[in-house]
Amino acid sequence: MKKHNFSAGPCILPKEVMQKAAEAVVELDGIGLSLIEISHRSKEFVAIMENARALALELLGLEGKGYQALFLQGGASTQFLMAAFNLLDKKAGYVNTGTWSQKSIKEAKLIGEIIEVASSQDQNFNYIPKGYAIPSDLDYLHLTSNNTIFGTQIKKFPKTDVPLVCDMSSDIFSRQMDFSKFDLIYAGAQKNMGPAGTTLVVIKENILGKVSRQIPSMLDYKVHVSKDSMFNTPPVFAVYVSMLTMQWLKDLGGIAAIEEINERKANLIYSEIELNPVFSGFAAKEDRSIMNATFNITDDSLKEIFDEKCKEAGINGINGHRSVGGYRASMYNALPLESVGVLVDIMSDLEKKG
Ligand code: PMP
């Protein structure tokens, strides 16, 4: 039975990527050996790492602009700490837009002084704060571009001379923007890029070396840059599959092409949520995420039928996060428009029943 995979992450990846990844586990490109049994120093894997690093910069439009791409381990959660370790000298600012922002604040507080420049906690994070003041003496301002749990997304980034650090774990490679306004971008692979196990870090080289503390090697961006992202054994499978997914995206036409499809998917579900009285959206309209649509059912008596219909249709992974409840349809890059259509048809049928 065909499944429609709305999982929030790890999540759907392109079918052809998974096919190629499966083949490479048995034998990589006719070399008589598996991807996962060769040395990471072999010419085959070195080429994969180089290609993955180059593709990341190419897709983001950052080649030749002083940036380095790294594929590290420890998830985006390690980046909460690592960003502060490498960049926080005196004081950093954080915008608190939900669970992941809060976790990044908690880790950075271990390193130095943090000020929360804005927060949307007063309304359970259903909107993105705007128009807040950004002190000019911050070492950096930390943002979360897409709030996976609450389904909000920053549409307009603040204008500031303070260096910008952004957790793009759940919307990397999904929409066009000028990525050169960020000094550090990080994203766990397991949404739009690949399987869990690696984290993309894109860093502007000239922002490094400004803090005086000693940094443990594994947490030091400079060490990883100097070793071409091969300071220690990299997560070879996760890097390979990320490379395949980035190649898939490039072949499709890059971020511009996928953004158009992502907007169509988002428009389809949000217009249903708006028009159908059986459902209500969680996030403020102007801040709604094109990746994660969060919504509730207004008539509890229809919940059982809705869940049953979704199950019958092969819909997977639409339960909301435990901190929000309701439903969350995650529509990452590899999710076809058709899958959103299947979900929206069920929602629309439910209105007729209600
Ligand atoms: N930031 C965001 C926006 C996320 O969605 C997640 C995971 N869902 C994380 C950080 C944490 O990532 P990881 O599990 O890779 O540490």
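Including glycine, each Cβ sits where the backbone N, Cα and C put it.
Automatic, uncurated: that is what TrEMBL annotation is.
What TrEMBL records for Arg41 is L-glutamate binding site. Per TrEMBL, pyridoxal 5'-phosphate binding site is recorded for Ala76, Ser77, Trp100, Thr148, Asp167, Gln190, Asn232, Thr233. The domain 'Aminotransferase class V' annotation in TrEMBL covers 5-340. Residues annotated as N6-(pyridoxal phosphate)lysine in TrEMBL: Lys191.
Features as recorded by TrEMBL, highlighted on the structure.
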residue: Arg41; record: L-glutamate binding site; Cβ within 10 Å: 9
residue: Ala76; record: pyridoxal 5'-phosphate binding site; Cβ within 10 Å: 25
residue: Ser77; record: pyridoxal 5'-phosphate binding site; Cβ within 10 Å: 16
residue: Trp100; record: pyridoxal 5'-phosphate binding site; Cβ within 10 Å: 22
residue: Thr148; record: pyridoxal 5'-phosphate binding site; Cβ within 10 Å: 26
residue: Asp167; record: pyridoxal 5'-phosphate binding site; Cβ within 10 Å: 29
residue: Gln190; record: pyridoxal 5'-phosphate binding site; Cβ within 10 Å: 25
residue: Lys191; record: N6-(pyridoxal phosphate)lysine; Cβ within 10 Å: 31
residue: Asn232; record: pyridoxal 5'-phosphate binding site; Cβ within 10 Å: 12
residue: Thr233; record: pyridoxal 5'-phosphate binding site; Cβ within 10 Å: 10
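For the domain 'Aminotransferase class V' (5-340), the model's pLDDT averages out at 97. When the Cα positions of Ala76, Ser77, Trp100, Thr148, Asp167, Gln190, Asn232, Thr233 are compared pair by pair, the longest gap among these pyridoxal 5'-phosphate-binding residues is 30 Å. Reduced to three states, the DSSP call for Asp167 (pyridoxal 5'-phosphate binding site) is strand.
For Arg41 (L-glutamate binding site), the nearest of the recorded positions by C-alpha distance turns out to be Asn232; the candidates were Asp167, Lys191, Asn232. Secondary structure at Thr148 (pyridoxal 5'-phosphate binding site), as computed by DSSP, is coil. With a cut-off of under 6 Å between the Cβ and any atom of ligand 1, the recorded positions Arg41, Ala76, Ser77, Thr148, Lys191, Asn232 reduce to Ala76, Ser77, Thr148. Classification of Trp100 (pyridoxal 5'-phosphate binding site) by DSSP places it within a helix. Asn232 (pyridoxal 5'-phosphate binding site) sits 24 Å from the residue listed as 'N6-(pyridoxal phosphate)lysine', taking the C-alpha atoms as the reference points.
Ala76 (pyridoxal 5'-phosphate binding site) sits 12 Å from Lys191 (N6-(pyridoxal phosphate)lysine), counting Cα to Cα.
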